[in-house]
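Enquirer: As listed in Swiss-Prot for this protein:
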ACT_SITE  Ser73  active site, phosphoserine intermediate
BINDING   Asp20, Ser73, Asp463, His464  Mn(2+) 2 binding site
BINDING   His134, Arg164, Asp165, Arg200, Arg207, Arg279, Gly280, Asp281, Arg282, Lys354  substrate binding site
BINDING   Asp422, His426, His493  Mn(2+) 1 binding site
Amino acid sequence: MKLSKKYTFRSRKVLLIILDGVGYSPKGPESGNAIAGAKLPFLNRVWNQFPTLHIQAHGKAVGMPSDDDMGNSEVGHNVLGSGRIFDQGAKLVSNSIASGDIFNGQAWKEVIGNSKKNNSTLHLLGLFSDGNVHSHIDHTKALISQAILEKVPKIRLHILLDGRDVPEKSALDYLNPFETWLNSLRKSGTDIRIASGGGRMTITMDRYEADWSMVERGWKVHVKGEGRYFSSAKEAIETFRSENPKIIDQYLPSFVISDNGKPVGKIQDGDSVVFTNFRGDRAIEISLAFTEKNFDKFDRGPLPNVLYAGIMQYDGDLKLPERFLVAPPAIDRTLGEYMASSNIPQYALSETQKYGHVTYFWNGNKSGYFDQNSEEYREILSDVIPFDQSPEMKALLITEALEKALNENKQDFYRVNYANGDMVGHTGNYLATVQAMEFLDGCVERLWKTCEKQNIVLLVTADHGNADEMFQLDKKGNVEKDSHGNPIPKTSHTLNPVPISILDPENKIRFNSKLSNPGLANVAATILDVMGYETPEGYHPSLIQNES
């Protein structure tokens, strides 16, 4: 890291606050903008009176295939922490399928070869939608089509219902045409069926070890075939909805498809299993359950001897899983790595739901520390409840811990993620999201007062939108309503930009408003600029206006 010679007032300490899921929309609360609907005396003052820009946080600006693709916390923190844009999992897998490279790779050959050699089942397990945040249904269909071409004897599908990155009750919109397609494959002689499933926030897709019981519930239905039996996934979904009309897809209970009283697709010795999610955070725990010899998170029972692969590798440091179909993005020279190599003290803090984002994803999908002597990571455990029941989440404890760290003044760079806007936003509960935002307003104000006292520059931004659009909108931007005239909740991320504001106790630093198409990739250089360091080669430029 080289000190910059351009500026006289730099060499400042920095706090970066990431308000997860807090995008910018000019629309009002009547359109589902929970940020506009909240009373935010401090944040509104920040956005209106302090230097503020709106920067891109979706689509190609964060490495997604197109500008129709939402941003998400994983890619957002990758870009924030690396200062550059890398092709992300969605694009890498799509490109590999289009080129055929995925099917010419060693891992795919081993997956198919194992099933053919043992005359066994190929199991495909993953999120079942086209949300393109964790997975895409087209990837699953491509794997199925290729497996049939290569004459795999039997295919079983274990579907995790979304309703989070897509409309909250859209499961049958994906399932019905998919089952029609499967039926045509069966008529052509393919032994293929859905075997199990459930909502993504009920089974299998836990992250950051927040709730291993989710993974255990998934294990029971996918592997053991233990659970409530149904003749089809459609019957399961319709039954659960009739029993609880308010339930949304992500919280649907687990189910097992049976035939004559027996599960149609238990995972057994000799089978091949591919996890079809490309995003890592919610893929790691189920991958450990399939591959870890000394596993102690729950009783797996007799562990089936299977050949397991991920569509991508989910943790490069842990080599998890060892077998993967597409290589993940190779993110190097991150801001955290540069700072650690120069012995610049860093502090990272969040609650469990976003802790991995300010560490693992920020550091380019790398676990652990670069240099434990100069880095301090702090996790505050999240509650295991639906977050609209407690919209403040752990924001108060985070604020108190960060105030303490700022007052101790041991580090030069601090980063924190407040999960509320995203995690409460994902519940689709507009009023709870308003409450979450109002609680955050006071937290950010407290931190600014501490920064003023310690002469620390404060940057406030977000990784993507969510709370800014809580109702489904039609193509004309009008709110879509249900049969009772109520707005249809939206639980997914948005395509909106995010604000970034700079609060300088010395009131010297200004943004360069003439910079073309700024995005999250500009934030890393901005941090270094304020701290008095030159921008590393290849990084997107700083947002700071040069001194005249």
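Each Cβ is built from the backbone N, Cα and C atoms, and glycine gets one as well.
Because the structure is a prediction, the values reported are computed rather than measured.
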Enquirer: Need this for a regression test: binding-site residues Asp20, Asp422, His426, His464, His493, filtered to those with Cα within 10 Å of Asp165 (substrate binding site). What's left?
Expert: His426, His493
Enquirer: Within 10 Å of His464 (Mn(2+) 2 binding site) (Cα to Cα), which of the recorded positions Ser73, Arg207, Asp422, His493 do you find?
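Expert: So the list reads Ser73, Asp422, His493.
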Enquirer: Give me the Cα-Cα distance between the residue listed as 'active site, phosphoserine intermediate' and Arg207 (substrate binding site), rounded to a whole Å.
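Expert: Pair distance, Cα basis, whole Å: 13 Å.
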Enquirer: List nothing but the one residue from Asp20, Asp165, Asp422, Asp463 whose Cβ has the fewest other Cβ atoms within 10 Å; the candidates are the binding-site residues.
Expert: Asp165
Enquirer: Out of the binding-site residues His134, Gly280, Arg282, Asp463, give me the one sitting nearest to His493 (Mn(2+) 1 binding site) by CA distance.
Expert: Asp463
Enquirer: Check the Cα distances from Asp20 (Mn(2+) 2 binding site) to each of the binding-site residues His134, Arg207, Gly280, Arg282, Asp422, His426 and keep only the ones within 10 Å.
Expert: Asp422
Enquirer: Near the Mn(2+) 1 site, what residues other than Asp422, His426, His493 in the same chain have a C-beta no further than 8 Å from the centroid of the listed C-beta atoms?
Expert: Asp20, Gly21, Asn72, Ser73, Arg164, Gly421, Met423, Gly425, His464, Asn466, Ala467, Thr491, Ser492
Enquirer: Could you say whether, by DSSP, His426 (Mn(2+) 1 binding site) belongs to a helix, a strand or a coil region?
Expert: helix
Enquirer: Just to verify: the residue among Arg207, Arg282 with the fewest other Cβ atoms within 10 Å, which of the binding-site residues is it?
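Expert: Fewest other Cβ atoms within 10 Å, among the binding-site residues Arg207, Arg282, is found for Arg207.
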Enquirer: Please work out which residue of His134, His493 has the most C-beta neighbours within 10 angstroms of its C-beta, and give that one of the binding-site residues.
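Expert: Highest number of other Cβ atoms within 10 Å: His493.
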Enquirer: Given the recorded Mn(2+) 2 site (Asp20, Ser73, Asp463, His464), which additional residues of the same chain have their Cβ within 8 Å of the Cβ centre, ordered by sequence?
Expert: Ile18, Gly21, Ala57, Gly71, Asn72, Gly76, His77, Lys354, His357, Asn417, Asp422, Ala462, Asn466, His493
Enquirer: Give the distance between the Cα atoms of Arg282 (substrate binding site) and His426 (Mn(2+) 1 binding site), rounded to the nearest whole Å.
Expert: 15
Enquirer: Cα of Gly280 (substrate binding site) to Cα of Asp422 (Mn(2+) 1 binding site): how many Å, rounded?
Expert: 18
Enquirer: Given the binding-site residues His426, His464, which one's Cβ is surrounded by the fewest other Cβ atoms within 10 Å?
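Expert: If we count Cβ atoms within 10 Å for the binding-site residues His426, His464, the smallest count is at His426.
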Enquirer: Whole-number Å distance between the CA of Arg207 (substrate binding site) and the CA of His426 (Mn(2+) 1 binding site)?
Expert: 15
